[in-house]
Structure formats: C-alpha cells, structure tokens
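Enquirer: Handing you a structure now.
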C-alpha cells in the first residue's frame, strides 16, 4: 500500500496506486451522495482555508463545497488579488495561518512552485493542496479529468487522448499529461499553434502536432483548452474565427475522432473560439460531468490529506 | 391546496393562497425564534448559493441568515460585480453550478427576466429565487411588506396604500403592487414626479398621483421609495430639498394620512430626501419590523422551494 | 466578582479581575483544544457579524475562526471598503443588523469611538466587540499580548516592557498600555522618533524615550510596532535603513535587554525595518504565539459577551 499523501502539489511522480485510491474514494463519495447522503462529518471540527492569490470563483467554490460536505469549516482568506505576496512575506502569512491552527490550506498562486515552497516552509502539520500554480500544475483538475475518462473508458492502455490549445501556458494540460501518463494512456497527443506549444523536450513521450485534423484522427478523448484572449497576439492567425477554423472543435472535426470520442474542457468555455456550441452541448460532451467529478475528487483529496 | 412553489421569480399570477401560506410560515418561524429556537435543521445538508451580479450587502445578508438559520450551507459566489454575464455565458455558469449539486440559487441581476431565464435553462432540480431583477421584481420584498402590513392591518379589503417615489424604476414598487393586488387591497395609489411614474397602462387598477398631499390623504400605509440620486436629473425639481418638499414624508404630511398610518421604506434610507428623520424614527415607523420580517419571509421561501 | 462584560470596546477602566477572567478563559479554551477538542458548541445557534470598514484579513480571520470554533455562525458584511459610513447612516446600518437578530457585531472603523457610538445607539441586546477603531484601541490585541506575556512572565509587578515604533498612531500600543497598566506592570517604556511619540501628558505613568538603546536596557519584553511606510515622511530619518538603524530590533540591541527578553510584534512584519529577521525568527520571538493566543482570546471574549 502506498503511503498516505500529506499534501497534494502535483501529480508528477505519484504512483498509480495513489491516484487510483483517490479516484476510488471520489467514486465512493459520489455513490454515497447519490444514495441520499447530503453531508458527511468525517472532517467535522477541521478548518480549511482558501488562500487564492489569483481569482477563481469556480475552483474556489468547488473546494468550498467539497470541504463543507465533509463537515469542515471553510475560511476564505481574501487577499483582494492585488497581493503578489512571495518570499518572506508569503512565509509569514503561512506561519500566521499555521499559528491559528488550520488543518489545510488550498492555495492558488501565479508563480509556479508556490505550493511546494509552502510545504517546505510549513512548521506545523498543516496540509497544502495546490489549486493551480502558474503554468505548472493543477492536480485536482488532472484527477477529475482522469476520473471522468475512467468512468467511460477504463482501459487506459488502449486510450488515445488529444489535448488541444495553449499547451505551453496551461497547468491543466500539464496535470492532465501527468495523470494520463501515470494511468498508462497509450498515446497522448498535444496540438496547438507553434507559439503555444511546449518545448519539444518537455514531454518526450507525447506526440506533438500543429494540425488539429491530424491530431484528432482516431482519438478516444479530446480535451480542449480555454484560449486566453490576450494570447491571440502570440498566435500567427488573424483573429478568433481563424483560430476556431484551425483549432476549434466542431462536429466535422469530431467525426475524425474515434466513435464516441469524449469531449472535455476545463471551463469556462469560449464558445466559437476553441469549441462549437453544438459540440459543447452535444451527446459526447462530458464537460458538466467534469464539474460534478471535481467536487468529489476534491472531497477525496481533503479526506486523504486530512485523515488522522 | 395550491401546489408547492419550486421557484420564486415574481409574485405576479401567484394565487392568494400561495402568498398566505408563505406569510403564515414566516410567522410560525418568527414565533419559533421568539420562543428560543435559535436554529432549525430542516435544510441541513442543503446548499444555497448567492449569485449576485449587483452588489447588495443587506439583501444578501438577509438571505444568508435565513438559509443558515434553517441549517443550510451558504456559498457566496462572488463575481466581483464587474461581471455582466448573460446569454450563453450565464447559462454555462448556471449549468456549472447545477453540476456541483446545489439546491437553490439566489440571484440578483440588473436585467429583468434573468431569474426566469435561469428557470427555463435549468437542467436539474435546482430552485431559483429572485433577489431582484432590473426594475421588474423583488418578490421577497413584496412578501415582507405585505407581512408587515398584515401584522397591523389584516383587513386588506379596507386598506388604502400609497407608494411614493421613483415607481418607474422600482422593482420594490412592482412587487409591492403585485402582492397588494393579490391580497385584495382596496386601493393602491402611486405617487411621484411625472418622469418617475410608470406608463399609465402598466397598472390600470392603481390610481396615479403627482401630488403627494393628495395621494396620502386618508392612506393606511405609506411606502416611501429610496431615491437614487442619479435620478434627480429626470425630476423637474431644482435639488434634493425641493424633492423632499414635494415628495418627502414629514410629520405634517403624515398627519393627512389615516390615523396610525404605517410608515414603511425598503431601506437604506435617504434621510431628508424621501423621508424625515422624525418620521423614520417615529412611533408609526415599521421600517425595522420590515427588516426583521425579511429574514423570516426568506426562511419561509427557502422552506417552500426546498421542501422534499 | 466583577460583572460580566456585555461589550468590549476598550480595556481602559476595566478592573484587573475582568481581564484576568478573560485570560483564564482563553487558557482553558487553549487547553481544551490541545486535548483534542476541535469544536465547541457553546455558541451554537448564535450569529456573529464582521462589520469591517477597514480591510484586515488577519484580524477578521482570527475572529471568524474564534466564532466558528465555538459553534457560532459568522456573516461577513463586506462593505467594499469604499464605505465611510458614519453618523445616521452608520446607525441605520446598526439598526438594520439588529433587526435581523444578530448576537454580536465585530467592528473595525477608522474613526476612534465608533464601537462606543454603536453601543450607545444599539436598541437590542446585540454585543459590540471592537476590532480596532482609529488610533484609539484594539482591545483583543491588548489582551492577547498580556496573555502571551503572562505565559512566560507571570510576575507583572517586576516586569519592564518597552514598546517601540509609531506609538502616536497605534491602537495596538494604546491597548497594550491599558492592559499592562491594569495588570500592574512595573515599568512601561515608550520609544520612537519624536514625530511618532504621543503627547507627553497622554501616558504620564510611562517613560518616554527617543533612544532605543537606552529604552531597551534591561527590558523583559520588547513590543515592536509595524511602521506604516507612509509615515516615514514624519520621521526625521533619511530612509528605512536609517529607521532600522535607530529603531529596529536586531541581535546586538536585544542583547542590551534582560536575559530572555520576550520579542513581540502584532504583525504583519516589516522585516529589516522595525525588526531583523534573525530576531523575528529567533529563540526569543513570541510572535507566532501571539497569533495563536489571538484566537483563544477572541473565543474568550465572545464567550463572555454572549453568555446568557
């Protein structure tokens, strides 16, 4: 049995058994809720704090719901998002929060590595959970994505996944690649305009594409990334319509994928830019299942790191 | 028996029996609290989310207190008020929240009809409660106002009510008119400067006035509306003192009303503009009773829409 | 036995027995938590509201944790901090909140005396707790500071305390002076640049210094205040380095104090301005103990004012 996780900052280097334990627990929690359990008390008396240095209403709300459904108290430590706390100032904030006897800190920060820095500087038994750090990792998103895939395609060794969009700046893509790699996916294809692709040596086990028609050919899963509109400048394309024409997922392009290809997106959607409404709202879309799984995965992570 | 409400977006077209059931329940909850019950658990395990696209600390707090006193969890989904989410973007937010298994969404939005649009687009069993949409409706305000009146003047068929101020842009006025009409008020008088009055055909059963002295003559209830100061430009009056002189409620003018006329205001007050302090703080003022009733009415509404 | 406090707006004029009762209770709560009690229900069903007209994530979070650990509900009444509510507008807000049946209001306001004004204008049994008003008082900080001192140096009658920095504009300093005076400290020394010292007659029983080397000589406790950087203009010193050179606490200067002198700071720290990192993080630092005691002191205060 793999040791219990005390923190979750990235999925890299996690053994498959640890990821599967989290996914199994998320499903058990989902089943309990489906059978009418509205609220558990496994974390009663524990306090979880949201420490968000970047705004994210959706992810914060998902963590808040997860913590409350387990009976924990939740504190939103609102920094007004003007804060760029780092270095000593960041560690003083950490130590102040630890001195208040919090049990877990959910952290989002624009600088990669911040959650690991908090783990290294923590003086007490507080658990740190990464809710997104720079372009590096968003591990609960990676977990909810492989959970969603597993519910439909449990045979990862036969799975071809394409991730399309701004891979270079995407912590979602990185955590998806980590999770899919650990789960033994057959093939991971990365696709996007040249300016938005990662360095060739970052993911040597993945296949790189600039042509989405070629990349989606025969894929079992298509994960579309949100295009940050300010990144359009990097893309050698005249406008959003041209981006959609080359890298958007529409019905015609989805037909090139394997039959029943799962359509996924971390949200929020830019309809008509990276995905057509007909596909986002279509029968193959798993986008809302991802959201639902997100709460259960976060419940599982909080149970894991806060177990006594 | 009228069917249970699943949503509350407006009081228009509601049968009197539905409104009275809500008022009766609000009073029962008030009595329970008066006898020492601090917190009920009828909504334990349920989650209510405040989705406010316009800031409103008072109304949001009243709903939050109502939900918590019933044992529900409350999530404030803070959009920073820069958001003007509508159309597909709004429905994507709705569907995301539904996928997180929320039980009720309390919504305030500057566009009339948004709560009904959410009801139409909802895919799950989530309940929608309108906390104010544009100039159209603020149904819990309408309910708390008729509850306050009923506690003092239960004989609506003999009741003369005057509503004074910016009727045209007031969702409070509209919901009050809807509620008073359903409850069978004898006479509803609307009074304000010409530029702030609704179209003549919007409320054909009400009497329109521009002269407040005439309008308040013999009234049993006087509901004063808050003047948005940016609306002074529409009013053909030189300044706030002139507005008060023509449309403010002071002791002299209150003496023209029926004996014991109830003085009401949805708050927050512009003292010296639409109401004199001597009247706002006087023996006939029901303004703070309105606030107290607001929490109980919102508890009643949440019980109604979230009953299993 | 001294009467129970209904409000806490300042420590001035409080009898020593009242302060000691709060400290004793804070320690009892700390012991209960150390023995595994995660959450008490002594305030179950009670509602505490944070009414902060100045931002303070740390203090607000400390009060929120304190209230929740006692089982109370907490409402954050967020005023956006653009608000400068005062006079009638402030009292209308108070009366609105009272009408919603809140049990306690935790208030921070930039104007001195605001919490007392709320107490005078309160119409119901709501309790008011001051979380900082202008430069005047921050009583829970004063309590947590004397609690921290008492844990290490219970013999106040032999205690020499130096408070260094911007005394003139510091509510922390004032509440510390009040608490130390009541507890019978032997000597209270105030030290800072001339422009940041209080009037000579404000604290006639304290000793005033401009030379920190002289002030710290033989001190048992050194409380360093945060320098608001905008106050540098008042100080007749060329820059922050010069301020640190004259008024910063470093190892060399700490050696002039009594053996084992306690190093304290209300946070957040300006490292290298009023305190050297080697001292802030050193063996004599009690800074994080202060933070931990802050939660227990606030629990004790809420228990006191909300006891039935």
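Our numbering is plain: 1 for the first residue shown, then up by one each step along the chain.
Any Cβ shown, glycine's included, is placed from N, Cα and C.
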Enquirer: Given that TrEMBL assigns A:58, A:59, A:138, A:141, A:267, A:268 to the carbamoyl phosphate site, pick the one from A:25, A:108, A:231 that the record assigns to that site as well.
Expert: A:108
Enquirer: When you put residue A:171 (L-aspartate binding site) at the centre and draw a 10 Å sphere around its Cα, which of the binding-site residues A:58, A:108, A:138, A:141, A:267, A:268 have their Cα inside it?
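Expert: Passing the 10 Å Cα cut: A:138, A:141.
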Enquirer: Could you tell me the maximum Cα-Cα distance in Å between the residues recorded as binding L-aspartate, namely A:86, A:171, A:226, rounded to a whole number?
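Expert: Looking at A:86, A:171, A:226 as a set, their Cα atoms extend up to 27 Å apart.
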Enquirer: Out of the binding-site residues A:59, A:141, A:268, which are near chain B, with a C-beta less than 8 A away from one of its C-betas?
Expert: A:268
Enquirer: Counting other Cβ atoms within 10 Å of each Cβ, which of the binding-site residues A:58, A:108, A:171 scores lowest?
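Expert: Ranked by other Cβ atoms within 10 Å, the binding-site residues A:58, A:108, A:171 bottom out at A:58.
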Enquirer: Give the mean pLDDT for the domain 'Aspartate/ornithine carbamoyltransferase carbamoyl-P binding' (A:6-151) on the 0 to 100 scale.
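Expert: Reported value for the domain 'Aspartate/ornithine carbamoyltransferase carbamoyl-P binding' (A:6-151) is a mean pLDDT of 92.
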Enquirer: Just how spread out is the carbamoyl phosphate site if you go by the largest Cα to Cα distance in Å among A:58, A:59, A:108, A:138, A:141, A:267, A:268?
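Expert: Value for the max Cα separation, rounded to a whole number: 17 Å.
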Enquirer: Determine, to the nearest whole angstrom, how far the Cα atom of residue A:226 (L-aspartate binding site) is from the Cα atom of residue A:141 (carbamoyl phosphate binding site).
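Expert: Cα of residue A:226 (L-aspartate binding site) to Cα of residue A:141 (carbamoyl phosphate binding site) measures 14 Å after rounding.
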Enquirer: Applying a 10 Å Cβ distance cut-off over all chains shown, what neighbour count does residue A:268 (carbamoyl phosphate binding site) have?
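Expert: So the Cβ neighbour count for residue A:268 (carbamoyl phosphate binding site) comes to 14.
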Enquirer: Using a Cβ-Cβ cut-off under 8 angstroms and a sequence gap of six or more, which residues of the chain neighbour residue A:86 (L-aspartate binding site)?
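Expert: Those within reach of residue A:86 (L-aspartate binding site), by Cβ under 8 Å and sequence separation of 6 or more, are A:111, A:114.
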